[in-house]
Amino acid sequence: QAFMVVARRKPLLSKRHMTARLEFDHAYPADELMPLTCRGRVRGLEPSRGDVDDALGMFSLTLIDTLDTLVLLNKTAEFEAAVRRVLKDVRLDNDVVVSVFETNIRVLGGLLGGHSMAVMLKDAGHYMQWYQDELLHMAKDLGLRLLPAFNTSSGLPYPRVNLKHGVRGPESRTGTETDTCTACAGTIILEFAALSRFTGDPVFEVHARRALNFLWEKRQRNSNLVGTTINIHSGEWVRRDSGVGAGIDSYYEYLLKAYILLGDDLFLQRFNIHYASIMKYISQPPLLLDVHIHKPLLPARTWMDSLLAFFPGLQVLKGDIRPAIETHEMLYQVTKKHNFLPEAFTTDFRVHWAQHPLRPEFAESTYFLYKATKDPYYLEVGRTVLDNLNRFARVPCGFAAMKDVRTGSHEDRMDSFFLAEMFKYLFLLFAEEEDLPFNVEDYIFTTEAHLLPLSLSNDTTSNNIQMIELLDDSNFDWTCPNTRLLFPDPAFPRNLRDPIRSAVDKSCPRPALHREPGMGRPPLRAQDFMANNPDHLELLRRMGVSLIHLKDGRVQLVQHATQAVSAVAAEDGMRFMQEMMELSSQQQKEQLPPRAVQIISHPFFGRVVLTAGPAQFGTDLSKSITGVSPYSGCAELSNAAFVQGRIALLQRGQCMFAEKARHIMKAGAIGGIVIDDNEGSSSDTAPLFQMAGDGRNTDDVTLPLLFLFYKEGNILLEALKEYREVEVLLSDKARDRGEIHWTEQEGATDWRHVQNMGPYFSSLETRFDSVTISKWPVFQGSQPPYSKVNLSLASCWRAVSIALFPLSSIILCVW
């Protein structure tokens, strides 16, 4: 069996080469390949993915991240050509804000790994004879561009930096952050120390050590654990949960690997202290559960994230094989249940977060366990990983991330780490020693699997670094144990794995129910759902999903699987709820600020501002208003000619906001204001409301659209009924009167405004007969009194005190 698995290595190699070729053909010089649409991902040209896009810096990320992988795969001619491409095409002075962490491990690490390979090949006398440390010069240039991020009182870096303008400059667009993750600040030392020792400039290693020293000083002294997020100025822990997964993982990894690379005992001492606490509090074999740093006996959560899959590999480097085997087996059984390791899973091994972006950590640990044990079982594990990649992730232009491991749906995403790490570890797992172009044992793998030579420990630059402290070493392991001496029984690993396999089998979720032929697709998709559609409500009932109307106008969905009409219907309901959560999460990724509707016509002249909620689609706001018929805006407008060139007033309900926007766009409106139909709602008491899309692509909706709660909407409607000609300004915040230009004649302003409103109110007269509208007091004389009112505006930076004029001042606040 082992021979059969190793024999599969050559197809793996050819597929890796083809994937790299596709990356050049379809994506270059973009940072990443989008494998579903066969094109490159260019930041700013694709919809924002939030923090994920901070890895993209318009510097051909995937090309740099995979340089040393090409050499490892014996693709030396391709490596030489790739280096020439980097030197010819890649610029590092781009005006773009990037993640310090991601840029360090992927780009700086990639350049240093490429430099290491280039020097090795040049010394061998065959390839790269022209090379004069050009990649190293680029690496130093990048290192200098990252250094401004370390300009803090603590030495911890800002999480982001502008490659061209640095941090906190007038054009940097960054430097206001206060927090960073422990891994983000603690995963610098390998790359920065290597850069210092390659170039002879100690400044990089000094800054990396300073950051590590600060994190060490801020550890919780009783538990010797660190939190997940820390304030970069004060050193206070923002998130006090501690584990070995996301947010902390590579901090521990770099302490041990810094000792291996640099030969500095201080790093091993610190790692061993942390490791003892991890095994005491976090490790509950085979689980690794987060705890609170001040109360380490209390679990912080009941689920684990997939990034902890690197930890068994780190335990192998530490020499602690037994728990590495146990945790790895648990991860493998979860992987077999879902084909991939979910982004997060619960303690009973159910899916918590269903995504899988083709992370390499599990393959990494599999490789290290095979290296330590030579157990052919781990070759079988590697074959499973490879087979699942080809069966479920392979697409015509590469390999696509899994959007949901339960349904097998894809995401148009192939991160650079997939080629930089996943295929590197899988190749090494199956490779024989004679297949490798160099001795891998002479190098250390960074967290991005870049290769740095162990010979760097001989560099004299380290003599310039001051030792911070000396710790008692009486209880620390200084050599790796011989596993064959400790565990002479060849059945020992299997004896550890069998109980883990049984435990996962007993706790695993039931297999997904497959729909019988002819049953068709699930009856209702989240993106199609409408809360006022009786057919949809009946489908929800059959799936065991109930709908609850909340007082603020929102609806709440709750599923009770036992109330579904069948097991398949319950499964459909579960899928519907998952889609709804993903849709909601996607819509809330970017919390948009509130906006303002400001009445600028006579007699208000900009004094009245109402708080308005933004839409997650459409353009930014500027200019004017009118009404539509039907008032819901859910059908083609009967007064389209009247609406053309004006801002339309609509009522919430009966259809999706995007549908309303499309109808008024078709009628020629230049904007829209949706008024809440939930009587009594107000921005004074309700949180900011954002109008979401309909789950489909809303790029076609280009007009501005705002939302007013019932109370603010009635103020606007009352003004319209009183004056018939009303002009409003829709903007990000209220303008000072000096910024608004008008002529002091009634109705004669420089702004586009609503003309005769008679047809609008004629069509709506019956609707508003039953509405109670608060009347503004009528004052006589030319100098009406003022009434001071403090408005509490949700999500605004401050409470605003405004003067309310009788009838001549309505204030619509949008920020």
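Even glycines carry a Cβ here, placed using N, Cα and C.
Automated prediction, rather than curation, is the source of TrEMBL annotations.
The annotation active site is assigned in TrEMBL to Asp249 (among others). Cβ neighbours within 10 Å of Asp249 (active site), excluding its own Cβ and spanning all shown chains: 25.
DSSP assigns Glu361 (active site) to a helical segment in the three-state reduction. The active site annotation in TrEMBL covers Glu361 (among others).
In the three-state DSSP scheme, Thr447 (Ca(2+) binding site) falls into the coil class. Same-chain residues at least 6 positions away in sequence with a Cβ under 8 Å from that of Thr447 (Ca(2+) binding site) are, in sequence order, Ile105, Thr187, Leu190, Ser250, Glu253, Tyr254, Phe310. Among the features that TrEMBL reports, Ca(2+) binding site is placed at Thr447.
If you look up TrEMBL, you'll see 505-518 marked as compositional bias 'Basic and acidic residues'.
Taken from TrEMBL, the feature domain 'PA' applies to 630-716.
Feature annotation from TrEMBL assigns region 'Disordered' to 505-524.
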By a simple count, how many Cβ atoms lie within 10 Å of the Cβ of Glu361 (active site), its own Cβ left out? 24
Distance, Glu361 (active site) to Asp249 (active site) (CA atoms, angstrom): 11
Checked against DSSP, the composition of the domain 'PA' (630-716) is 21 helix, 15 strand, 51 coil
According to DSSP, Asp249 (active site) sits in helix
Restricting to the domain 'PA' (630-716), report the mean pLDDT as a whole number. 81
